[in-house]
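*Asks:* The structure is given below, and queries will be raised subsequently.
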Amino acid sequence: MAITATRLVSLTLLWIVVLFVTLALIQIKLTDVADPSVNEKILDAKLNQVGEDLEGVTHKVYFDIQINGSPAGRILIGLFGNIVPKTAENFRSLCTGEKGVGNMGKPLYFKGSSFHRIIPGFMIQGGDFTRGDGRGGESIYGDKFADENFKLKHTGPGFLSMANSGPDSNGSQFFITTVTTSWLDGHHVVFGKVLSGMEVVRKIEAQGQDSGVPKANVIIFASGEVSL
């Protein structure tokens, strides 16, 4: 009887431990769901973790960023040229500046242009190298070009997508998401993703306002292409 009682006590203690661990795991899960910032940090970590291993990246380009004249870091972006070749090539060429001067008399080059629209909890937008206020920009194909396809989706932070003023109005303006923006699917062409430097994107995001007007001067100090 003494052995049976000992086993009973051991089993009881084991069940208590199992129950405690289960409740702790449930609490952790509920905390993640209740706190969006936790989920955003997890998404950012996953984004950086898989960055260099993303399948389908055909080119890598970069932005070196300055905020109010001070270096803020580099954003490395992968382009999906197999899925959206025309859109990816437009962006790649604008990063290198290899196409020279456009029809508007301005260099087809992101270098020196600003992030003119920054909305925290949404996205950062740039690419207007002709006017700098969101009313300009030019593609390497002339002025505007058609939406290539909407195969890629805005499924999290760090996706690169074309800004537009309606269907088939793509130029040089782009945005990088800082959250999931699924309502933009089917309206804006996704063509790339941040591979590294999401912390720089967050620095830029911190300079935004609900109005979209930046609180600081955020400049693409240098841009170009790097080898795969």
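A Cβ is built for glycine as well, from the same backbone N, Cα and C atoms used for every other residue.
On a predicted model such as this, the values are computed, not experimentally measured, just so you know.
Okay, these came from Swiss-Prot:
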| type | residues | note |
| --- | --- | --- |
| SIGNAL | 1-24 | signal peptide |
| DOMAIN | 62-225 | domain 'PPIase cyclophilin-type' |
| CARBOHYD | Asn170 | N-linked glycosylation site |
*Asks:* What residues, ordered by sequence, lie under 8 A Cβ-to-Cβ from Asn170 (N-linked glycosylation site) and sit at least six positions away in the same chain?
*Replies:* Thr87, Asn90, Ser139, Lys144, Phe145, Ala146, Asp147, Met162, Asn164, Val189
*Asks:* Check the domain 'PPIase cyclophilin-type' (62-225) for me and report the mean pLDDT.
*Replies:* 98
